[in-house]
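Novice: I have a structure here, written as structure tokens, and I will follow up with some questions on it.
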Amino acid sequence: MTRTETHLGHEVPRPRSSVSSAQIETIAARALGLFGLVFGAQTVPIFLDQIPAMAPAASIVTAAVVIGTILVLAVTSVIAVGARIVSAVFAGVYAAVIVTWPLIVVNPEALDGQIPWPYFLCTVATTAACVAFSLRWAVTYAVLVPVAYSIVRVSPEGGNASTILAVFDGLYAFILGIVVIIIITMLRQASAAVDAAQEAALRRYDLAVRQHASEVERVRVDALVHDSVLTTLLSAAAAESPEQKALASRMAGDAILRLDEAGAAPAETVETAPLPVLVRRVSAALATFAPDFEVDVESVDGVELPVDAVEAIYSATVQAMVNSMQHAGPGRVSRSLLIRGERRGGCLVSIVDTGRGFDPADVPSARLGLRVSIVERVQSAGGSTVIRSAPGEGTSVTIHWPAEEAIA
């Protein structure tokens, strides 16, 4: 697997997923896993009653594959990893069982007209197809599988049912499957509408912020031009005596200086704080966290940072640690924190965990913990952030102050 590295100190790529749609897919997968367990448990006694009618090896393999896939589906739906793939596998396995059912049954008389046990999992299979496939293929599956079952049902291996009964059974399975598909499709469409509205609101908010910033800057520039440049030009035009000309010259120099200051990047603060202050504040925050972090502090003595930089790095570090605790996943996760002083009055902070990881490009824009609380906060103080992560490979957040380009 190629590890994704995203330098987020400058430009965050547009996310490919959205919050509401992802939640709907998770809910659908978990509902499928739950009902799969329930229907699977109800099917076990029927399967045991029909064992005499089936080939011993085929019956064991078929039941193991079907029930095993349901169990795997339930697990993946809970951990939200691979549920769509397992759903596709289960849908394929179920269709294969229906088609090969006449080959599995070797003693049709032992069925005694019973409904084949796979029939009771038909709705689960249709739901799995809806979770795994597009709407077109899910509907196709919901049509073909009940038709295949109806054909098998009228055969001796399927219970030798009458044509009307087989059609009713297939129609019942089809109706249940279509109802499930309609419900999931409606939820998906509603979530897509919510995501679109949210994205539009974020765009409008961004535009309003930009317009407000432009207006504030315009007012500032207008005031500067009026108070300095225009006044100087009028004084110079009206100057006649040497004293007036000298005054106009000084005013021109002051105006040029103010223009230079206005064009330069504003200094956030001139106050500084020693780097050990950051270490103490982060250590105090760590004391309130349940998971343990392995802390390493290097070369912090004698390093001074601007107060606003210390504040930004502290807030971003705490947010990164909180993200690790919230999103690294269950199980045994190792976490480490490194704070190191750098040459020229800089520092490096690294937060690393061995959790489930994620794709930085897939983080929804509505999630502010990564983009605003970490990346933009550090960037606004003159630093940069590098986030490295991939699904299943953990996450590392590295904060540099000043930004790496400034150090270079």
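Heads up, the Cβ atoms here are built off N, Cα and C, so glycines get one too.
Remember, TrEMBL labels are computer predictions, not curated facts.
Sharing the feature lines straight out of TrEMBL:
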- 27-48: transmembrane segment (TRANSMEM)
- 60-79: transmembrane segment (TRANSMEM)
- 85-106: transmembrane segment (TRANSMEM)
- 118-144: transmembrane segment (TRANSMEM)
- 164-187: transmembrane segment (TRANSMEM)
- 313-404: domain 'Histidine kinase/HSP90-like ATPase' (DOMAIN)
Novice: With Cβ-Cβ distances below 8 Å as the criterion, list the same-chain residues six or more beyond the ends of the transmembrane segment (85-106) that contact it, or say none.
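Specialist: Cβ under 8 Å, 6 or more out: 29, 32, 36, 53-55, 58-59, 62, 65-66, 69-70, 72-73, 76, 116, 118, 121-122, 124-126, 128-129, 131-133, 141, 144-145, 148-149, 152, 155, 157-158.
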Novice: Summarise the domain 'Histidine kinase/HSP90-like ATPase' (313-404) as counts of helix, strand and coil residues per DSSP.
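Specialist: The composition, in the requested order, is 32 helix, 29 strand, 31 coil.
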Novice: Sort out the residues at least 6 away from either end of the transmembrane segment (60-79), same chain, that have Cβ-Cβ distances under 8 Å to it, and list them.
Specialist: 26, 29-30, 32-34, 36-37, 40, 44, 47, 54, 85-87, 89-90, 93-94, 97, 104, 118, 121, 124, 128, 329-330
Novice: Residue list, the transmembrane segment (164-187) vs rest of chain: Cβ under 8 Å, 6 or more residues beyond ends.
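Specialist: Tertiary neighbours of the transmembrane segment (164-187) are 24, 27-28, 115, 119, 122-123, 126-127, 130-131, 135, 138-139, 141-143, 145-147, 149-151, 153-154, 158.
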